[in-house]
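According to TrEMBL:
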DOMAIN    13-222  domain 'Lon N-terminal'
BINDING   Gly375, Pro376, Pro377, Gly378, Val379, Gly380, Lys381, Thr382  ATP binding site
REGION    584-612  region 'Disordered'
DOMAIN    651-837  domain 'Lon proteolytic'
ACT_SITE  Ser743  active site
ACT_SITE  Lys786  active site
Amino acid sequence: MAAGSAIQIPSRLPLLLTHEGVLLPGSTMRTSVDSPRNMQLVRSRLLKGTSLRSTIIGVIPNTSDPTSDCDDLPSLHRIGTAALAVQVVGSNWPKPHYTLLVTGLCRFQILQLLKEKPYPVAEVEQLDRLEQFTNQHKSEEELGELSEQFYKYAVQLVEMLDMSVPAVAKLRRLLDNLPREALPDILTSIIRTSNQEKLQILDAVRLEERFKMTIPLLVRQIEGLKLLQKTRKPKQDDDKRVVAIRPNRRISHIPSTTEDEEEEDDHDDVVMLEKKIRTSSMSEQALKVCLKEIKRLKKMPQSMPEYALTRNYLELMVELPWNKSTKDRLEIRAARILLDNDHYAMEKLKKRVLEYLAVRQLKNNLKGPILCFVGPPGVGKTSVGRSIAKTLGREFHRIALGGVCDQSDIRGHRRTYVGSMPGRIINGLKTVGVNNPVFLLDEVDKLGKSLQGDPAAALLEVLDPEQNHSFTDHYLNVAFDLSQVLFIATANTTATIPPALLDRMEIIQVPGYTQEEKIEIAHRHLIPKQLEQHGLTPQQIQIPQVTTLDIITRYTREAGVRSLDRKLGAICRAVAVKVAEGQHKETKPDRAEVGEGEDCKEHVSEDAKTESISDTADLALPPEMPILIDFHALKDILGPPMYEMEVSERLSQPGVAIGLAWTPLGGEIMFVEASRMDGEGQLTLTGQLGDVMKESAHLAISWLRSNAKRYQLTNASGSFDLLDNTDIHLHFPAGAVTKDGPSAGVTIVTCLASLFSGRLVCSDVAMTGEITLRGLVLPVGGIKDKVLAAHRAGLKRIIIPRRNEKDLEEIAVNVRQDLTFVMASCLDEVLNAAFDGGFAVKPRVERLNSKL
Ligand code: ADP
């Protein structure tokens with residue numbers, strides 16, 4: 001359409017009746033056509049017509065919805081826009097319709113409706129763009145100020161828009177190129193106006209009137225835009241901050257709002273972080289990664305989840321002790337004194353630790369084996385680890401590995417995961433803040449395995465001196481040097497430590513304590529520690545050694561001293577209450593147990609009796625100091641004894657023998673019970689036994705059957721075939737604990753021998769040893785723990801394999817003195833020692849082969 005040139009429209013126009021949208025001259029509109037009249041118009045006029053004239057139609061706006069009344073023609077708006085149908089698109093979905101693209105040419109008014117069907121045709125009169133007016137510049141002069149004013153507003157409006165958009169730039173150019181009288185129509189169709197307003201502009205046939213009506217619309221639009229820009233301003237700033245150089249804002253001294261201040265704070269933090277990164281002593285590789293990340297951080301909007309993630313990462317990197325270490329102060333003599341002061345007994349362990357430290361002193365290199373303390377709980381493994389750190393003047397950190405079954409626990413999660421974090425090693429380093437701490441890897445035997453990978457494999461890398469100088473945590477994603485870290489491991493048993501890991505470690509066995517050692521440990525270390533923890537002094541509480549022995553034998557049954565420590569803690573708590581009550585004179589002690597002290601007199605020294613805690617209770621007076629803990633007070637505080645000497649009771653029938661077992665928790669005594677009943681010669685085994693133990697039971701039966709005659713062993717019906725019409729049931733309490741190993745062999749034989757001979761096994765004897773089918777007794781492991789367990793249980797004689805004799809040297813002299821050891825190399829010797837007066841063997845009848 002040539003702007004400004006005159007247009008001549010036909011005097012008869014087919015009418016397109018629209019019910020939404022108003023087409024103004026000079027603008028284009030897309031409209032959907034589906035009423036029968038309009039469809040007809042499109043079909044018979046637009047689609048069939050061949051000349052340009054046939055594509056000119058009259059668009060009449062604001063007609064009521066044409067679909068509702070298709071018969072009667074609705075009342076038509078008087079003024080319409082002659083338009084050029086530029087495009088017709090037909091579609092059958094969702095119902096048959098056409099979409100027309102029409103461009104407005106000029107206004108017309110209906111003079112007379114010529115026909116209504118199949119589509120309306122009217123005789124029209126063209127109202128603008130007439131030839132006689134187009135060359136008249138007079139109108140412009142007349143309008144003068146009005147059109148100038150309009151033009152100014154139009155320019156202002158367009159310049160408020162984003163000029164980088166090509167359509168806006170084109171519009172700006174059009175403002176200058178188009179004749180002024182065309183502008184009101186064009187701008188009205190561009191700006192936000194209601195249909196009603198557009199209709200008014202359409203009806204404004206006089207140019208002056210049109211200008212007057214459009215100026216307020218333009219002004220309204222300008223104000224609207226201004227408001228919009230104002231509300232958007234902070235957001236734009238935000239974008240700017242993201243995109244570019246923030247310091248500029250500060251230089252320009254723009255007064256800042258609170259939001260700005262927050263941003264600046266953040267910005268300061270990031271700058272500080274960058275400074276910290278640059279001044280930190282991290283490795284070159286790490287520095288490179290950090291600088292890259294901080295660059296990314298600066299460009300990131302804070303609202304992005306990745307912002308916090310990256311920031312946490314950078315903060316961790318800054319905090320890590322890349323080059324920070326404590327100075328080792330190692331003097332072997334001082335170390336020996338410190339170890340001796342902190343720990344009683346455990347000579348072997350202390351000796352090995354001192355050797356280890358001595359080597360370190362001479363050769364400042366950590367490429368030795370990793371020490372692994374293996375022993376029952378509560379024997380001081382952790383506490384020795386802590387002492388090592390103390391002697392070296394290093395930081396100490398304990399990493400509990402029990403139950404860890406995901407390798408990310410060691411090596412960290414990759415940063416792509418939500419909630420990703422570094423592994424325990426890196427976390428530990430962050431906590432201690434130096435790169436040469438002592439790390440105690442607690443309970444390496446309880447590492448698990450799962451689908452998330454094998455944590456033991458990850459630990460291998462950590463512990464291998466050849467690899468750990470460039471340990472790469474998945475979260476950090478850069479290497480960290482662990483070669484200065486001193487690793488010590490602890491475990492209850494080596495059986496469940498993965499072999500590859502075991503290979504890297506030097507195992508130091510830490511056996512359980514004897515009763516005497518426990519008493520010493522209690523009095524030298526545990527009681528003073530507990531008193532201090534409870535705010536008590538030795539002047540307020542007195543625990544004699546007999547009481548400690550009572551706690552050890554009657555209230556605990558353990559290889560270590562942990563539960564002894566707990567019981568002492570309980571006693572201290574109870575005494576603390578008494579002492580506190582005593583400080584308030586009027587407070588009445590509420591204990592009432594009087595007169596049951598008779599049975600415990602033997603535990604209390606004569607002169608201390610009056611000061612016992614229970615004796616003072618009924619006087620309603622503050623207790624006299626020090627409060628003496630006798631057996632009676634013990635019963636009062638800890639309840640009745642948990643373990644009584646039950647051995648003799650349980651051995652009151654034939655078919656019971658005491659074995660010695662080794663568990664990760666130390667040695668234990670084990671009662672093996674057997675019974676027989678009528679049956680078909682079946683052997684039943686209960687008590688969660690492993691395969692090896694089951695085999696031992698079969699071996700024992702076989703040996704006894706083959707030697708039944710020699711020992712005169714018979715079944716219930718007097719037959720030497722022990723399984724003839726007889727079933728045997730063997731049970732190993734406690735039924736809930738899994739047991740395995742060959743060392744119960746001799747015990748099973750003794751137990752069955754007792755069952756079939758009807759004789760009682762001596763009640764003070766315990767035994768251990770593997771058997772063979774020929775009746776030999778083979779050596780077994782864990783002798784020291786087993787002997788200690790027997791000693792704890794009050795047994796007097798222990799039968800051990802002869803080849804285990806050398807192991808007795810490790811046992812404390814006082815324990816050895818309390819016990820009698822029987823060395824057995826065959827089962828005959830075992831049975832002879834197990835039964836009072838020996839186990840009769842029918843002398844073999846020597847048969848002489850006569851040769852005639
Ligand atoms: P573990 O690590 O072997 O399970 P801990 O090191 O935690 O045992 O020891 C438990 C408690 O017993 C600690 O308070 C420790 O100080 C104390 N303890 C154990 N053995 C000794 C000992 N020989 N001398 C002094 N205290 C000991």
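Any Cβ shown, glycine's included, is placed from N, Cα and C.
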Length of the line joining the Cα atoms of Lys381 (ATP binding site) and Lys786 (active site), in Å: 20
Lowest local Cβ density (other Cβ within 10 Å) among recorded positions: Thr382, Ser743: Thr382
Candidates near ligand 1 among the recorded positions Pro376, Pro377, Ser743, Lys786, judged by a Cβ under 6 angstroms: Pro377
Using Cα positions only, nearest of the binding-site residues to Lys786 (active site) (Pro376, Gly378, Val379, Gly380): Pro376
Same chain, 6+ residues apart, C-beta under 8 Å of the C-beta of Gly380 (ATP binding site), given in sequence order: His343, Met346, Val510, Gly560, Val561
Shell list (ATP; ref centroid = CB of Gly375, Pro376, Pro377, Gly378, Val379, Gly380, Lys381, Thr382; cutoff 8 A): Phe373, Thr490, Val510, Ala559, Gly560, Arg562
DSSP-derived structure type at Lys786 (active site), helix or strand or else coil: helix
Structural state of Gly375 (ATP binding site), classified by DSSP into three states: coil
Surrounding CB atoms that lie within 10 Å of the CB of Pro377 (ATP binding site), all protein chains: 19
Coarse DSSP state, helix versus strand versus coil, of Lys381 (ATP binding site): helix
Nearest-integer angstrom distance between the alpha carbons (Cα) of Ser743 (active site) and Pro376 (ATP binding site): 19
Listed in sequence order, residues with CB under 8 A of Gly378 (ATP binding site) and six or more positions away: Glu558, Ala559, Gly560, Val561, Arg562, Ser563, Asp565
For Gly375 (ATP binding site): intrachain residues, at least 6 apart, with Cβ closer than 8 Å: Lys381, Asn492, Gln509, Val510, Pro511, Gly512, Ala559, Gly560, Gly666
All-chain count of other Cβ atoms within 10 Å of Pro376 (ATP binding site): 23
